[in-house]
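Enquirer: Mind having a look at this structure? Questions to follow.
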Amino acid sequence: MSLADLTKTNVDEQFSSVALENNRRSAECKRSPGTGDFSRNSSASAKSVDYSRSQCSCGSLSSQYDYSEDFLCDCSEKAINRNYLKQPVVKEKEKKKYNVSKISQSKGQKEISVEKKHTWNASLFNSQIHMIAQRRDAMAHRILSARLHKIKGLKNELADMHHKLEAILTENQFLKQLQLRHLKAIGKYENSQNNLPQIMAKHQNEVKNLRQLLRKSQEKERTVSRKLRETDSQLLKTKDTLQALQKLSEDKNLAEREELTHKLSIITTKMEANDKKIQSLEKQLRLNSRVFSRQLAIETRKTLAAQTATKTLQVEVKHLQQKLKEKDRELEIKNIYSHRILKNLHDTEDYPKVSSTKSVQADRKSLPFTSMRHQGTQKSDVPPLTTKGKKATGNMNHKEKSTEINREIPHCVNKLPKQEDSKTKYEDLSREEKHLEVQVLLENTGRQKDKKEDQEKKTIFVKEEQELPPKIIEVIHPERESTQEDVLVREKFKRSMQRNGMDDTPDKCTAPYTKGPLRQRRHYSFTEATENLHHGLPASGGPANAGNTKYSHSTSKHLSNREEMELEHSDSGYEPSFGKSSRIKVKDTTFRDKKSSLMEELFGSGYVLKTDQSSPGVAKGSEEPLQSKESHPPSQASASNAFGDSKVTVVNSIKPSSPTEGKRKIII
């Protein structure tokens, strides 16, 4: 059995014995109260003994608080509670025993007397009480020993805690001391940081003072060294003089004093002369250096001026070269069209006027815009002529012109100043500038003359128009309306051509025109006055206009050409709705006039005079170009198509006195 079971059995036995004792005591008290008092006294004595023992056992712990009474009270309360719980069980057991004792008595011990039973029960009761008391003493002793053990452990823990507290206090003191030291060090460091600028200033002042002392000491050393050198030199000089004097004193073959003084005077005079020469030479050196510096400055200025002049000349040469290149390009462009013009002229002279096919007419239609562009470029490129009221009617043989110009330009460029002599350069430049100014003046005078002549012609034309009758003016207005209609038709034609495309083949261009129905051309008959007005000529004829008979011939020729072109178009089946074509033979003299005007613009009037003198025999055929020029009025300009199919004559606008009388006519 285990210890727990043993303890349970012992406790049960104790409680059962206690219950029996209580029952018996109650019975004995009823029977004999004396014995009850004795038992009470004995129990009280036992209790007192127990308390005395507990006090004796705890006497050694008088210094500390005694917890035995409280512990016993707690144990007694627990025991009483247990007794109250187990009283009914004990009563039932006692009843069973009593019944068993009765049965045994009834069977075998009927002879035993009541006194023996009482003594026997008393001895048993005493023995049980003694056992219970011993057991109580053992339990109390164990509990008290455990309590003492616990108290000792707590005392030991208290002592350990006291030791730990003392150690912690000592550590805290040490840490406080360290903190104070650290605070002092931090305060010193902060103070040192605050005092840093003061310390630095003190240090700098000390360094400055030390440097000043060093300088003073060095200066003193230098002065002392100079004094030493001076003294050394004086000593050497004195030694030399002493040696010389000793030698003189030792010499016995010396001359007389007069001779020596004479020699001294001669030597001194020579020395003075030498000094003067040296001074004069120094002055001459200074003067020569100044003169040389001046000459150098002058030469440098001259070189700078020459360099600037060379730079300007180089820039001018570059500009001239660029202009020459541009003019070469222009001449190349012009030469292309001049060759084409010549080819077209040869073609017109070779084979007769035959009605052109529809494909050729389509080609003429397909490229009107390129011809007009080329005409614009030719008009912009050709310079204005200085001759009286004459304009260029075509561009011919420009290759020969360009070659001659290219031959003459290097000749003029070679005349430019070279970089060898500055004086010649400046003189040449001044001459060239004068020459250019003269050329500009000549050109201005020629232009002014041309302007005056144009103004006079305009005034004459205005006067003649004012003298016209009102009937002729009424005839002009419907013609102006017809010209406006022609312009509108031409603009529509241009738009249609732009839509169809300029790069299409001639067959494609001819297709839309062949489909449409052919339109008969209308024939108009105008008076001479209206025809003259169409061509920009004065309308009035007769004696007042006797000088303008040339223009009447040109109008008749123009009308005949127009009728021939109408017949050609009627044969070919193609009738353009506007314009008229005219072919003009250009002679070689026009080229000469153009060349002379171009050379005059490029190189001045003097060069043109030289060329005129060199070629006097060319003036024979000058009448033919005049006739060709008279065929065109001064307000017209002719140009050929790029492919020579047709020729365009553009009539410039004439501005009369009233703005409504202005007129513009474009003929293809």
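Heads up, residue numbers simply count up from 1 along the chain you see.
The backbone N, Cα and C atoms fix where each Cβ goes, and this holds for glycine too.
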Enquirer: Taking 17-44, 409-436, 437-464 as the choices, which stretch does Swiss-Prot tie to region 'Disordered'?
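Expert: Among 17-44, 409-436, 437-464, the range Swiss-Prot annotates as region 'Disordered' is 17-44.
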Enquirer: Choose the correct range: of 105-130, 495-520, which one does Swiss-Prot annotate as region 'Disordered'? Give that range.
Expert: 495-520
Enquirer: Could you give the mean pLDDT over the coiled coil (420-440), rounded to a whole number?
Expert: 64
